[in-house]
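Q: Dropping the structure in here first, questions after.
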Amino acid sequence: MSEASATKVKYSRVLLKVSGEALMGKKGFGCDIEVLDKLSHDLKEVHSFGVQLCLVVGGGNIFRGASASASFGFERASNDYIGMLATMMNALSLQNALEKVNVQSRVLSAIPITAVCETYIRRRAIRHLEKGRVVICAAGVGSPFFTTDTAAALRGIEMGCDAIFKGTQVDGVYSADPKKNADAVRYDKISYRDLLSLDLKIMDVAAVSLAREHSVPIIVFNLGQPGSFADIIRGDGLYTTIYN
């Protein structure tokens, strides 16, 4: 019996949001090869369960459009397009890491860059998933002023994912930053309404509102903990579920 058939999973198709900061590791800029290697092995384990896996990558480890606009007065729209190109670099790096561990993947970009990847088309992306390939979505939604968190919510909804996974540096949603406040309380579950009313900045309001409107749960967990993603897919591990 294969591992995929022997492993009972809670989800069959999921979207994972991978922030640029997560890929940066301790380097302070760019992609940490060790982080890419560890992440690719974690993704390979989940993929081996037969789970259809879609990723949306951020670009904050290379360039943040909003920050550049605020700090230097640069035009926000142009900065956001630069940020989209940063997500492309991360997506290609992640694709290489996955294929190094023998996991087939495809990068699909919201803006056409046909020399290096496919342009995102929903039906094409779903077909790749059905063929057992990991789909890596780059360039956000393809328009400025929208975050990659919003892109994650949008792609998760339109591709019919069972849940949207938000990988962070802590094991769920807390009432305050647990690294700064020892009294911070971790939630096992929290509603979209409470998340927004308490102003807990896990994802931006547009992303949370999209997921809420379409009743797609958001799972917040520690992406840096080896095996945590696979544990949750099996129904174990520490995480917070954001729900309607």
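Backbone N, Cα and C atoms are what each Cβ position is placed from, and that goes for glycine too.
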Q: For the UMP site that Swiss-Prot lists with ASP80, VAL141, GLY142, SER143, PRO144, PHE145, PHE146, THR147, THR148, give the additional residue from the candidates GLY30, GLY50, GLY59, GLY172.
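A: Among GLY30, GLY50, GLY59, GLY172, only GLY59 appears alongside ASP80, VAL141, GLY142, SER143, PRO144, PHE145, PHE146, THR147, THR148 as UMP-binding in Swiss-Prot.
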Q: Name the residue range among 25-30, 175-180, 223-228 that Swiss-Prot annotates as region 'Involved in allosteric activation by GTP'.
A: 25-30
Q: Determine which residues of the chain contact the region 'Involved in allosteric activation by GTP' (25-30) at the Cβ level, with the cut-off under 8 Å and only residues 6 or more beyond its ends counted.
A: 61-62
Q: Determine, using Cα-Cα distances only, which of these binding-site residues is closest to SER143 (UMP binding site): GLY60, THR168, TYR174.
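A: The smallest Cα gap between SER143 (UMP binding site) and any of the binding-site residues is with GLY60.
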Q: On the three-state reduction of DSSP, what should I expect for TYR174 (ATP binding site)?
A: strand
